[in-house]
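J.: Quick one: structure below, then a few questions.
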Amino acid sequence: MALALKFLVFTIALLALTSSPSTASDPSPLQDFCVAVNDSKAIVFVNGKVCKDPKLVTADDFFRPGLNKPGNTSNQLGSIVTTVNVNNLAGLNTLGISLARIDFARRGLNPPHTHPRGTEVLVVLKGRLYVGFVLSNPGPNMKNKLFTKILNPGDVFVFPEGLIHFQLNVGKTNAIAFASLSSQNAGVITVANAVFGSDPPINDDVLAKAFQVDKKVIDNLQEQFWWDNN
């Protein structure tokens with residue numbers, strides 16, 4: 001009887017460890033890094049925000065107007081993203097969700113980018129979009145698989161967390177889409193800007209070898225991105 005009881009306890013413990021890994025791991029960070037400090041005056045909470053006294057909270061803390069207004073797409077990409085996240089809607093803090101409106105001119109592009117801390121669900125309100133995402137690095141002798149779809153008004157598409165994705169307006173008019181993200185601050189890394197427009201620039205020997213092109217091509221790209229963003 002005692003042996004059977006010990007076996008039962010061991011089995012329950014083993015199941016708890018294998019079936020609930022989330023209880024034994026750290027929560028996902030809501031910012032790129034959090035350097036440990038001992039100075040209490042230098043402390044910032046992991047999510048970068050401090051909670052407001054509930055007695056002082058009002059309805060305005062959960063409200064933000066303006067997403068009915070189109071964004072200005074007069075730029076080289078022909079698109080603009082208007083975000084609603086914890087930085088401009090304080091009531092989103094700790095709720096794990098945010099929103100964005102994306103406006104596209106004709107042939108406008110929301111370029112390849114990633115959200116390191118959130119999955120994105122996109123719905124098209126107007127126009128026609130060519131969208132897609134690329135899988136993470138596969139095994140040897142395999143290529144990163146691309147998933148694409150043409151979306152029309154009312155269509156929904158999901159971009160998994162952390163994967164490179166994009167949206168291109170392929171319709172004859174401007175386009176509008178809304179996106180919901182599974183984080184109060186999902187973050188965004190635009191691939192081209194990060195690679196060719198970093199500060200300081202990535203060594204051109206690194207990029208030339210990575211992309212298998214001449215260093216002059218890298219120099220020209222870096223010069224273009226620095227000129228456009230400074």
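Even glycines carry a Cβ here, placed using N, Cα and C.
Copied straight from TrEMBL:
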type     : residues               : note
BINDING  : N110, H115, E120       : oxalate binding site
BINDING  : H113, H115, E120, H165 : Mn(2+) binding site
DISULFID : C34-C51                : disulfide bond
DOMAIN   : 65-219                 : domain 'Cupin type-1'
SIGNAL   : 1-24                   : signal peptide
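Give me the structural setting of these features: burial, nearby parts and distances.
T.: Non-local contacts of H115 (oxalate binding site) by the CB criterion (under 8 A, 6+ apart in sequence, same chain) comprise F159, E161, G162, L181, S183, A186, G187, V188, I189.
Sequence-distant neighbours of C51 (disulfide bond) (same chain, six or more apart, CB under 8 Å from its CB) are N93, T94, listed in sequence order.
Across the domain 'Cupin type-1' (65-219), the model assigns an average pLDDT of 95.
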J.: Other residues near the oxalate site, CB within 8 A of the CB centroid of N110, H115, E120?
T.: A100, H113, T114, L122, F159, H165, A179, L181, A186, V188
J.: For the recorded Mn(2+) site, enumerate neighbouring residues of the same chain (Cβ within 8 Å of the Cβ centroid of H113, H115, E120, H165, site residues themselves excluded), in sequence order.
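T.: Along the chain, the qualifying residues are T114, F133, F159, L163, I164, A186, V188.
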